[in-house]
Amino acid sequence: MEASPTLNLQKLALLPKQTPTQDFKRWNSIIKHHTKLKDDQAILKIYTQMEAQGIYADSTVLPLVLKACGKLQAIEKGKKIHNEIRDTDFVNDVRVQTALVDFYCKCGLIDDARNVFDGITERDLVCWNAMVCGFVGCGCYEEGVRLVREMEREKVRPNSVTVVALVSAFGELGDLMCGKEVHGYCLRNGFFDWNAHVGTALVGFYSRFNVKVASDLFEMMDSRNVVSWNAMISAYLDAGESWRALELFERMVMDGFRCDFVTMLMVIQACSEVGSRELGMQVHQLAIKYGFINDLFIVNALLNMYGKNGSLGSSLELFESAPTKDIALWNSMLCLYAEIGSLEKAMALFIRMRLEGILEDERTIAILLSSFEDLDNGLRNGRSLHGHVLKSAIENNKCIGNALLGMYAKRNSIQDAFQVFDDVEDSDVVSWNTLILALARNGLRGEAWELFGMMQQCNINPNSHTIISIIAACDEESFLNIGRSIHCYVIKHDIEINPSLNSALTEMYMNCNKELTALNLFESFPDKDLISWNSFIASYVKNNQPHKALLLFRRMITQVVPNLVTIINVLSSCTYMVNLPEGKCLHAYTIRRNSSLGFDLSLANAFLSMYARCGSIQNSERIFNDLPRKNVVSWNAMIDGYGMHGRGYEAMLAFSEMLEDGMEPNGITFVSALSACSHSGLVPKGLQLFDSMVQDFCITPELAHYGCVVDLLGRAGCLSEAREFISSMPIPPDASVWRALLSACRVYSETKLAKTVFEKLIELEPTNAGNYVLLSNIYAAAGLWSEVSKLRMQIEENGLKKPPGKSWIIVRSTVHSFTAGDKSHPQSNKIYAELGSLLSCIKNVGYVPDLRWVLHEEEDEEKIKRLFSHSEKLAVAFGLISASGGTPISIAKNLRVCGDCHEFCKYVSKLVGREIVLRDCSRFHHFVNGHCSCKDYW
Ligand SMILES: [Zn+2]
Ligand SMILES: [Zn+2]
């Protein structure tokens with residue numbers, strides 16, 4: 001049978017009709033012949049004819065037929081054969097059984113395979129290997145490994161086929177140790193010396209861990225095939241060593257190996273990563289020489305390569321010269337245009353594509369839509385694409401409709417979104433969800449809820465995504481009832497509560513001030529994952545309960561491994577509470593877990609900032625200096641840190657080092673630098689910075705920058721300059737700008753200016769009681785008591801609440817919090833006793849209570865009493881009796897420190913010989929030996 005296959009087929013197909021004999025030998029030999037030709041389709045066809053004639057295949061041919069079924073994924077056919085032979089002797093033939101195992105594995109029916117395998121009584125090596133390879137091929141790596149152990153227990157020795165499967169299983173499992181053991185086994189049994197497959201598998205295995213080891217192994221291989229070369233080239237590519245991949249390819253060609261399709265694709269990819277146009281052209285020539293150029297995959301890869309190394313012309317040439325173009329090729333060309341922002345060309349190409357009768361796919365639309373996203377006129381372009389899509393009447397395509405819907409939703413263009421939504425004929429749950437999410441995100445709660453109701457009327461069943469979108473709109477207490485009814489809906493309709501939905505429900509209850517319900521929901525959820533924990537911690541942070549966030553974190557780490565999001569959330573709790581000890585613990589924890597969290601610059605920056613904001617600028621400096629590379633956030637955090645601690649010169653030094661380092665400052669850098677100047681009274685330097693920001697760095701000043709300059713001038717007593725500066729602003733000043741000036745009025749007792757500024761301020765912020773308090777501070781200091789009481793009446797009439805002043809201190813990881821006149825602390829008596837003795841001591845050395853800081857009009861004696869129980873003083877006294885030794889006493893206050901308490905801290909620091917560190921809402925005060933780092937400049 002040496003004739004050509006087509007000739008044979010025709011002849012043989014006629015044969016049975018002419019001679020309806022039972023000559024099954026002949027049939028079988030035909031099948032064997034097709035097996036040699038690897039023509040699986042023909043095998044199945046012949047077998048069907050055999051069946052029709054009632055002729056059975058024998059045990060040598062059945063496996064061949066089953067193998068063809070496996071390759072063609074002909075599940076029904078294979079199962080039919082299995083059924084037919086169930087009552088025959090074939091079912092006990094190990095060759096047939098093995099073929100069945102192999103067939104089921106190839107079709108992904110691993111349980112069926114295992115059933116057949118378990119029924120085999122006389123298992124040989126081939127049979128074991130079929131099952132092992134089946135497990136590994138279906139991604140059941142652990143089962144594969146277990147089966148090899150079982151096989152060894154039954155005294156069947158693994159061969160090279162087993163070993164190749166095992167190595168790839170350990171590779172997928174990331175198990176270096178076990179892989180090495182297998183390597184040892186190969187060496188002992190000499191597999192490595194003669195079998196290219198084993199060597200190749202090991203190269204692939206080691207390349208997952210260390211490309212150098214893989215390359216050493218590759219060099220030691222005695223026998224290599226194309227697949228081995230491909231494995232090593234791929235290893236270099238994955239490791240990002242494109243040059244080496246190309247060098248190896250050169251050697252491969254020199255060694256006389258003929259590269260295959262896979263090699264070619266990888267080499268093109270390497271070229272595109274190296275970015276050399278010349279190399280790219282050489283590879284292109286090779287592709288032509290080796291005859292790959294008619295393959296659309298290769299053409300597509302070359303086209304992308306030219307696009308990446310900037311030869312768009314060559315890409316276009318290749319595109320035009322391709323004899324046939326599939327949708328992938330059109331998409332690649334569109335993508336190249338979209339990437340360089342040449343939207344007109346992209347649109348023209350798209351239209352041409354349609355004219356040539358090629359129907360776009362989802363990727364086409366996604367490319368076009370995403371290319372509009374960053375453009376200012378993106379919405380307009382999106383609309384014109386939408387128009388085009390409409391014209392082409394592919395609106396019925398749900399996927400495209402949903403893509404458009406998503407684009408409008410992302411751009412918060414609700415009306416357009418509704419338009420698309422109405423046009424999509426068979427809208428599905430994704431369409432509804434997209435629209436509901438867009439409405440909820442834009443605060444259109446009513447519409448979102450209405451749509452939720454309509455959706456059910458249209459018989460579209462909401463899924464967990466729907467609920468997550470809709471429940472996000474219930475974000476304050478007044479929506480609690482709606483939130484509850486949605487929760488009921490979930491339970492009633494049996495919607496699967498996955499971790500994300502459970503987190504969304506929990507968050508809803510937290511936001512609606514139902515902490516207990518939220519906590520119950522969280523605790524009783526059995527499948528808590530990382531997201532559940534992170535989301536609950538974030539809820540605590542968001543709802544100003546940082547202490548609970550920390551407690552929850554400690555519990556969390558006993559159950560799941562935290563990720564970056566967790567650490568950054570918990571870190572923000574530490575920062576908020578000025579909880580330095582806890583921040584340090586977290587730092588140590590992160591360093592210990594370094595390998596799993598990895599070095600992450602954003603994490604390092606978060607720690608840097610935490611230390612600065614918790615008072616330990618030395619630790620910030622240490623982290624900063626150890627950073628292997630710094631980004632603009634690192635520099636900003638360092639400059640900001642120096643500024644908060646009143647170390648203006650260091651801040652300026654850091655700023656100039658940043659420039660020397662070649663780092664480009666951004667708007668935030670200047671906010672930090674300007675406020676550093678302001679905190680340290682560096683007026684000329686600050687003004688110069690502001691000029692330089694505009695002139696040299698072309699940064700348009702924003703409100704925050706103007707606020708800093710007003711603060712800078714105001715603190716330095718240049719009030720009229722500050723006033724003028726505000727009038728010269730090209731944008732309308734906001735409340736924070738005016739407040740900066742009002743604060744300056746307080747320091748310099750400018751009652752007249754204060755009144756005008758205050759009027760501006762309450763126009764912008766009519767309900768902020770803090771502004772009234774600030775002005776009444778100024779009047780009180782000037783002794784204008786009638787004005788003070790007028791203000792107090794205004795506050796009461798408008799029903800405004802002044803935020804209560806609160807100071808806290810952390811002792812042995814417990815937060816002790818105090819308000820003015822607080823007697824709720826268990827050690828209250830001791831605290832007041834300590835405070836009394838402190839006061840009498842410092843009075844002896846010159847401290848005079850500054851009654852101007854009492855806002856109430858009352859007898860001096862009462863005022864003194866009130867002044868002496870300010871929250872800062874209580875916290876200092878408690879700090880002195882509870883934290884022994886010479887460590888600094890670290891206190892935080894939610895508002896600005898009061899002037900009398902500031903004076904008190906200075907005296908106490910000298911009296912007891914200890915540093916007091918106080919962080920108020922705007923900066924740090926370090927009190928040492930009777931002086932404050934702010935130089936009374938705050
Ligand atoms: Zn005070
Ligand atoms: Zn100070």
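Glycine is no exception: its Cβ is also placed from the backbone N, Cα and C atoms.
No curator has checked TrEMBL annotations; they are predicted automatically.
Feature annotation from TrEMBL assigns domain 'DYW' to 846-938. Mapped onto DSSP classes, the domain 'DYW' (846-938) shows 38 helix, 16 strand, 39 coil.
According to TrEMBL, the repeat 'PPR' annotation covers 124-158 (among others). Counting only same-chain residues 6+ beyond the ends of the repeat 'PPR' (124-158), those with a CB under 8 A from a CB of the stretch are 94, 97-98, 101-102, 104-106, 108, 110, 113-114, 117, 165-166, 168-170, 172-173, 178, 185.
For the repeat 'PPR' (225-259), the list of distant contacts is 196-197, 199-200, 203-204, 206-207, 211, 214-215, 218, 266-267, 269-271, 273-274, 279, 290: same-chain residues at least six beyond its ends, Cβ to Cβ under 8 Å. The repeat 'PPR' annotation in TrEMBL covers 225-259 (among others).
Sequence annotations record features per position, and here TrEMBL assigns repeat 'PPR' to 326-360 (among others).
Residues annotated as repeat 'PPR' in TrEMBL: 428-462 (among others). Distant neighbours of the repeat 'PPR' (428-462): 398, 401-402, 405-406, 408-409, 412, 414, 417-418, 421, 469-470, 472-473, 479, 482, 489, 493, 495; these residues of the same chain sit at least 6 beyond its ends, with a Cβ under 8 Å from one of its Cβ atoms.
Within its own chain, the repeat 'PPR' (529-563) has Cβ neighbours under 8 Å at 499-500, 502-503, 506-507, 510-511, 515, 518, 522, 569-570, 572-574, 576-577, 579, 582, 589, 593, 596-597, 815, counting only residues six or more beyond its boundaries. The repeat 'PPR' annotation in TrEMBL covers 529-563 (among others).
Annotation source TrEMBL lists repeat 'PPR' at 631-665 (among others). Looking just at the repeat 'PPR' (631-665), the mean pLDDT is 93.
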Tally of DSSP helical, extended and coil residues in the repeat 'PPR' (529-563): 24 helix, 0 strand, 11 coil
Close approaches to the repeat 'PPR' (631-665) from elsewhere in its chain (Cβ under 8 angstroms; 6 or more beyond its ends): 601-602, 604-605, 608-609, 611-613, 615, 617, 620-621, 624, 672-673, 675-677, 679-682, 685, 689, 697, 699, 919, 923-926, 933-935, 937
Within the repeat 'PPR' (124-158), residues counted as helix, strand or coil by DSSP: 26 helix, 0 strand, 9 coil
